[in-house]
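A quick write-up on the structure given underneath.
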Amino acid sequence: MKLAVIGGDGIGPEVTAEALKVLDAVLPGVDKTEYDLGARRYHATGELLPDSVIDELRAHDAILLGAIGDPSVPSGVLERGLLLRLRFELDHHINLRPGRLYPGVSSPLAGNPDIDFVVVREGTEGPYTGTGGAIRVGTPNEVATEVSQNTAFGVRRVVVDAFERARRRRKHLTLVHKTNVLTFAGKLWSRIVAEVGRDYPDVEVAYQHIDAATIFMVTDPGRFDVIVTDNLFGDIITDLSAAVCGGIGLAASGNIDGTRTNPSMFEPVHGSAPDIAGQGIADPTAAIMSVALLLAHLGEDAAATRVDRAVERYLATRGNERPATTEVGERIAAAL
């Protein structure tokens, strides 16, 4: 396995180091190449993501990312020039966000309900394509537009992926959208879900408006198995799912090219947290959980299961203790 590692900014390098510690324990001998991308490189060279680096990344089987973002760089520069460019250049059209409440982890929901679902979010379309503009900027007559692009090709491939995951899980899929208002995109999504669903007669299909889905995620999260949704709604609902599952510090993610033409990228979603960077207190659990997703994607199912179970054992016994960053990695690696 050839793995590209992008530590990135803030706590990114710290949590990534612990994730690699666990990876080495469960699957020794992975060929790792580290890439200096993020705020430091931007300040030193003015570069965000050179074409030559993109070409090098394509030669790897997967990418492990720590975090991107730094207050010394204007908002949007790193996000669009590095993060979004990676996702678009490498065709990461599936954003995978598992939502599971592990034993021993407290949820803000009463009674610590049984929560185990996955959100399959479209990752390269919607309003994140940068299509739009503004005229008469700074005047009382300013007009700004953001265009949400949805293609049959793009929707179909993420819907097929979601149905495949539902078939392997509890055989239930929920489309989340706002079809009563966003009628053009809504009809496209609804039609394709219905068309693809005919090939999966064993999977039950439901629909929820995005506003209703947020209510049920709080009041009845057990109803969800696989959620499929567009880029914007997925961005919102996945952070809510992280909150009900114990916090964003336990949220892992995968940015996946379902065709496997390009390497998929796996990362914790907690951000760079520059306020605690270098203090040795960042929780690397989400980065380690992202390694489990990475292993599963590459067909290393046994190793992925071992990491997931080691994380589960660690969380079940952690209680209110908040160990140092390196200690978390050592404990989970030892549990393997």
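The backbone N, Cα and C atoms fix where each Cβ goes, glycine too.
Now, the feature entries from Swiss-Prot:
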BINDING   ARG87, ARG97, ARG121, ASP211  substrate binding site
SITE      TYR128  site 'Important for catalysis'
SITE      LYS178  site 'Important for catalysis'
BINDING   ASP211, ASP235, ASP239  Mg(2+) binding site
BINDING   GLY271, SER272, ALA273, PRO274, ASP275, ILE276, ALA277, GLY278, GLN279, GLY280, ILE281, ALA282, ASP283  NAD(+) binding site
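Between the CA atoms of ARG121 (substrate binding site) and ASP235 (Mg(2+) binding site) there is a gap of 8 Å, rounded to the nearest whole number. You'll find the Cα of GLN279 (NAD(+) binding site) roughly 25 Å from the Cα of ASP239 (Mg(2+) binding site). Distances between the Cα of GLY271 (NAD(+) binding site) and those of the recorded positions TYR128, LYS178, ASP211, ASP235 are shortest for ASP235.
Taking TYR128, LYS178, ALA273, ILE281, ASP283 as the recorded positions under consideration, the smallest Cα distance to ASP235 (Mg(2+) binding site) is found for TYR128.
Under DSSP, LYS178 (site 'Important for catalysis') is assigned to coil, being neither helix nor strand in the three-state scheme. Burial estimate for the binding-site residues (ASP275, ASP283): highest at ASP283, by number of other CB atoms within 10 Å.
Proximity note: of the listed recorded positions (TYR128, LYS178, ASP239, ALA273, ASP275, ILE281), LYS178 have a CA within 10 Å of the CA of ASP211 (substrate binding site), given in sequence order. Per Cα geometry, ASP239 is the residue among the binding-site residues ASP239, ALA273, ASP283 nearest to LYS178 (site 'Important for catalysis').
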